[in-house]
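Input: a single structure, listed below in structure tokens.
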Amino acid sequence: MKSPVHRFRDVERQAACLQMEQQQCVSVSKATSAPMWFVRDACGIVCGVITWLLVVYAEFVVLFVMLLPSKNLTYSIVNGTVFNSLAFLALASHFRAMCTDPGAVPKGNATKEYIESLQLKPGQVVYKCPKCCSIKPDRAHHCSVCKRCIRKMDHHCPWVNNCVGENNQKYFVLFTMYIALISLHSLVMVVFHFLYCFEDDWTKCSSFSPPATVILLILLCFEALLFLIFTSVMFGTQVHSICTDETGIERLKGEPARWEKTLCWAAMKSAFGGPLSPSWLNPFSGVSCKRVSNAHAILPQGEIIEEDVIEIPLA
Ligand SMILES: [Zn+2]
Ligand SMILES: [Zn+2]
């Protein structure tokens, strides 16, 4: 009987030679034919609804307090079109990030038949997640909110009520980018509107009373500033994660990388679903070319319990 430490070392030794990652292109129709993914978490649903309400509030102030009462029609049309387009793309990205399977490992697949179907070599080792009874692929992590093991899980984001993983990272990056852009745009418009109201008569620059106008503008100013900082930092962190091929969890753990790191540009193309094109900015285009990891024998994330180490018996 080997001690857990010995087993651990054996596993590490085997890990280096058991890289079985392969690049597979999955057609978009095939990837989207699965039933819609939705996490039933009350806190996440509340946070998701708050996100939509905050965008609706910004939309209301921009349209009814700033643009519609403006005397300059060109200014209103140009800013209205830009703001509404970005807000629509932000909400579409949010929806896609929330309702796309982040890369969940099939629940309860740690069956004898499945392990046999993996056709592992004698002596190879696979790991079973004790919480969802699935065979953990390389770099998968169990999410206690989604109650599933997620491939390349970065973190669980309550604002999109979903995990950010291999399959929906593009939508999350787009969501943070579009929110940062509408925040910046509304901040600029608030500043211009304040200047306009100071120069002009306060009673004419808005269809609301002067105190109501000031309160609505200040609230939007706070909201925009807060979300501009928050989403810009998030956007930068996500792009850095993709470029360095290291998820948020892996960075937090600070362990040396056991996987073969993908180069920055190749990792970006993999995350955004192909070579650089306008579809990178489109939340409706699928991630058509994604990495499918078949590496089950590499050390998974999380604590390893000896009972969950399944070793293929030597022939
Ligand atoms: Zn699990
Ligand atoms: Zn999750």
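Here the Cβ of each residue, glycine as well, is placed from N, Cα and C on the backbone.
If you look up TrEMBL, you'll see 42-67 (among others) marked as transmembrane segment. Listed as Cβ neighbours of the transmembrane segment (42-67) (distance under 8 Å, sequence separation of 6 or more from its ends, same chain) are residues 75-76, 79-80, 83-84, 87, 90-91, 94, 98, 145, 158-162, 179, 182, 186, 189-190, 193, 206-208, 213, 216-217, 219-220, 223-224, 227.
Look at TrEMBL and you will find 73-92 (among others) tagged as transmembrane segment.
The domain 'Palmitoyltransferase DHHC' annotation in TrEMBL covers 128-253.
Residues 55, 58, 61-62, 65-67, 70, 79, 82-83, 86-87, 89-90, 93-94, 96-97, 100, 157, 160, 164, 205, 217, 220-221, 223-225, 227-228, 231-232, 234-235, 238-239, 242, 271, 281, 283 of the same chain lie 6 or more positions beyond the ends of the transmembrane segment (171-196) yet place their CB under 8 Å from a CB of it. Residues or ranges marked as transmembrane segment by TrEMBL: 171-196 (among others).
The transmembrane segment feature in TrEMBL is assigned to 208-230 (among others).
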Local confidence of the prediction over the domain 'Palmitoyltransferase DHHC' (128-253), expressed as mean pLDDT: 94
Counts by DSSP class (helix H/G/I, strand E/B, coil) across the domain 'Palmitoyltransferase DHHC' (128-253): 74 helix, 16 strand, 36 coil
